[in-house]
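Taken straight from Swiss-Prot:
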- Cys3-Cys22: disulfide bond (DISULFID)
- Cys15-Cys39: disulfide bond (DISULFID)
- Cys43-Cys54: disulfide bond (DISULFID)
- Cys55-Cys60: disulfide bond (DISULFID)
Amino acid sequence: LKCHNKVVPFLSKTCPEGKNLCYKMTLKKVPKIPIKRGCTDACPKSSLLVNVMCCKTDKCN
């Protein structure tokens with residue numbers, strides 16, 4: 001699995017074994033900019049300020 005790992009979406013890396021999800025964290029308020037991307041083994045929970053999106057395909061975040 002390859003996930004974007006920087007705020008700019010064209011940089012990606014191959015996830016280590018066991019981390020089979022990509023995630024993207026974005027601010028819930030305008031501007032809804034991505035603040036963190038990467039690989040994870042479990043989808044982090046969204047919070048009051050941050051929305052989390054997880055997916056299982058290459059570069060989907």
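Note that Cβ sites are derived from N, Cα and C of the backbone, with glycine treated the same way.
Distribution of Swiss-Prot features across the structure.
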residue	record	DSSP class
Cys3	disulfide bond	strand
Cys15	disulfide bond	coil
Cys22	disulfide bond	strand
Cys39	disulfide bond	strand
Cys54	disulfide bond	strand
Cys60	disulfide bond	coil
Next on the checklist: Within a 10 Å radius of its Cβ, which of these disulfide-bonded residues (Cys3, Cys15, Cys22, Cys43) has the fewest neighbouring Cβ atoms?
Outcome noted: Cys43
Checklist outcome for this item: disulfide-bonded residues Cys15, Cys22, Cys39, Cys60 vs Cys54 (disulfide bond), shortest C-alpha separation belongs to Cys22
Checklist outcome for this item: Sequence-ordered, the disulfide-bonded residues among Cys3, Cys22, Cys60 whose CA is within 10 A of the CA of Cys39 (disulfide bond) come to Cys3, Cys22
Checklist outcome for this item: If you tally other C-beta atoms within 10 angstroms for each of the disulfide-bonded residues Cys39, Cys54, the top scorer is Cys39
Checklist entry - Cys15 (disulfide bond) to Cys55 (disulfide bond): how many Å between their Cα atoms? => result 13
